[in-house]
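**Q** Feature list, courtesy of Swiss-Prot:
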- 1-15: signal peptide (SIGNAL)
- D133, D162, D166: Ca(2+) binding site (BINDING)
- R219: active site (ACT_SITE)
Amino acid sequence: MRFTPLFLLAAVAIASPAPDLNARHELTRRQASESCPIGYCTQNGGTTGGAAGDTVTVTNLADLTEAAESDGPLTIIVSGSISGSAKIRVASDKTIFGESGSSITGIGFYIRRVSNVIMRNLKISKVDADNGDAIGIDASSNVWVDHCDLSGDLSGGKDDLDGLVDISHGAEWITVSNTYFHDHWKGSLIGHSDNNEDEDLGHLHVTYANNYWYNVYSRTPLIRFATVHIINNYWDSLIDTGVNCRMDAQVLIQSSAFHNCPDRAIFFADSDYTGYAVVDDVDLGGSSNSVPEGTLTPSSLPYAAITALGSGQVASVIPGTAGQKL
């Protein structure tokens, strides 16, 4: 039997998806096993998540909850769309990684009094306030949030939903990188109360690197007591306010830009004491910085330098790289 060239091409086209799919699965597993390479989560022995354990794939809320709350190291790959109304209490030594195109709706992740957790390539939306934050990090250490797409719903009341990434109660060695915060009332909070100095002061070391903030009302982020490095962030079309530095926080903001934002890009409000900021190569886009100069400088950071894109480049780069892009 003779096969025409057209038939052979068709056969190749039909056969090719399987190798491509296998390659995609292999890439997902490799990315899900990666350790945090950037910012404060490289400290204190580093952040490896579930790399020392097995890998499982989950497609529903029950299996996701069971895996995330289990003892021992485990990498959890989220496949497809999972929705519900729940707060998942993530245990230590976990990586939760979203496959390309996966999504989680209405489910919050509570990382409380644990260590060594990675939340990566997840698309999380519309978490009701009863289920906490999209990602809440409370009294925990070594947490990496990377390449996540986090959003809410501005059509409801301001308190119907809580924060997208909130970090509190002396949490330590946290990096939030390559993440897309959008369409929400409350972006990200560090330090939950002006009255929590005894627990928070000297802790709350957080890096925000390469993040995109779009159409967020406030808390981008709000910072109390903490030591925070913000680099290569792009804020676009904020609704009310930008970076709120309060209660003796020390903040370093580098290589970042604001566009189409209200006047208060970097500011202090609503506490008895101001925070402080060193602002280096930041395009305020016509907005203002009213925070006193601080003492946190690049040379005082304990981790490897993060390459600065430059304030003139973040607008063209960060929206294309932040979010569920792995």
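Cβ atoms here come from the backbone N, Cα and C positions, even for glycine.
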**Q** Reported as an integer number of Å, what is the Cα distance between D166 (Ca(2+) binding site) and R219 (active site)?
**A** 10
**Q** What is the Cβ neighbour count of D162 (Ca(2+) binding site) at a 10 Å cut-off, with all protein chains included?
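**A** That number is 21.
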**Q** Can you tell which of the binding-site residues (D133, D166) has the fewest other C-beta atoms within 10 angstroms of its C-beta?
**A** D166
**Q** What are the other residues, in sequence order, whose C-beta lies within 8 angstroms of the center of the C-beta atoms of D133, D162, D166 at the Ca(2+) site?
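**A** For the Ca(2+) site the neighbour list reads G108, V127, G132, A134, I135, G136, G163, L164, V165, K186, L189.
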**Q** Can you tell me how far the Cα of D133 (Ca(2+) binding site) sits from the Cα of R219 (active site), in Å?
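**A** Their Cα atoms are separated by 13 Å.
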**Q** What number of additional C-beta atoms lies within 10 angstroms of the C-beta atom of R219 (active site)?
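**A** For R219 (active site), the count of other Cβ atoms within 10 Å is 25.
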**Q** D162 (Ca(2+) binding site) to R219 (active site): how many Å between their Cα atoms?
**A** 11
**Q** For D166 (Ca(2+) binding site), which of the three DSSP-derived states applies: helix, strand, or coil?
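**A** Assignment for D166 (Ca(2+) binding site) reads strand.
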